[in-house]
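Taken from Swiss-Prot, the feature domain 'EngB-type G' covers 29-203, and the record attributes it to sequence analysis. Swiss-Prot lists 37-44, 64-68, 82-85, 149-152, 182-184 with the feature GTP binding site. Feature annotation from Swiss-Prot assigns Mg(2+) binding site to S44, T66; the stated evidence is sequence analysis.
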Amino acid sequence: MPMHPMEKRLHQALFLQSAQRLDQCPPDEGREVAFAGRSNAGKSSAINRLTGQRSLARTSKTPGRTQLLNFFQLDEERRLVDLPGYGYAKVSKSKRNEWQEHLDHYLSERQALVGLVLMMDIRHPLKDFDLMMLEWSAQANMPIHILMTKADKLKFGAAKSTLLQVQKQLKEHPAPLSLQLFSATNGTGCDEAWDKLGEWLGIERLTP
């Protein structure tokens, strides 16, 4: 089977830099797609699977340890951004609030941002963090694509049922929204996710 063009492009992704605040980010130009997810949603694993790189995004035994915005460059005009994870981080409330403020600044003011990929554990969908990101997407009219991660943990029928339930709950979402099943373990949904990333980043899928 021929390699998906986005798989090939993403495999070339290189770590560019980390930033805590908006003014530390790379120049605000080109196109960026950001990846968000609460702790334990499988965000780093999803990024590593989609890029075909085992350790591009750091995975940690302690969820919530990634406290910075991490930028990965595909080329001069295109980047992926790994946003901080939330949920189980063993830090003070004031520190969590500080992270939240920096994330809000990035999401609301970053002109290069063209889409948000939200990782949502299919066994625990629509938690507070997910709802917060959906609300921000609605307010900013920012396209959002949801990966229902860890789909391999459920039988296909149960996974599909959960997907349809979440889809029904979000049908009134005012911003462009799409969702799919995904598994970093067995590769379920990679083609669909690559298609969406290619659309947002302006990389067309070449027909054979």
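Placement of Cβ uses the backbone N, Cα and C atoms for every residue, glycine included.
Positions of Swiss-Prot features highlighted on the structure.
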residue	record	Cβ neighbours (10 Å)
G37	GTP binding site	28
N40	GTP binding site	16
K43	GTP binding site	28
S44	Mg(2+) binding site	23
L68	GTP binding site	16
P84	GTP binding site	23
K150	GTP binding site	25
F182	GTP binding site	28
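Comparing S44 (Mg(2+) binding site) with G37 (GTP binding site), their Cα atoms are 9 Å apart once rounded. Reduced to three states, the DSSP call for K43 (GTP binding site) is helix.
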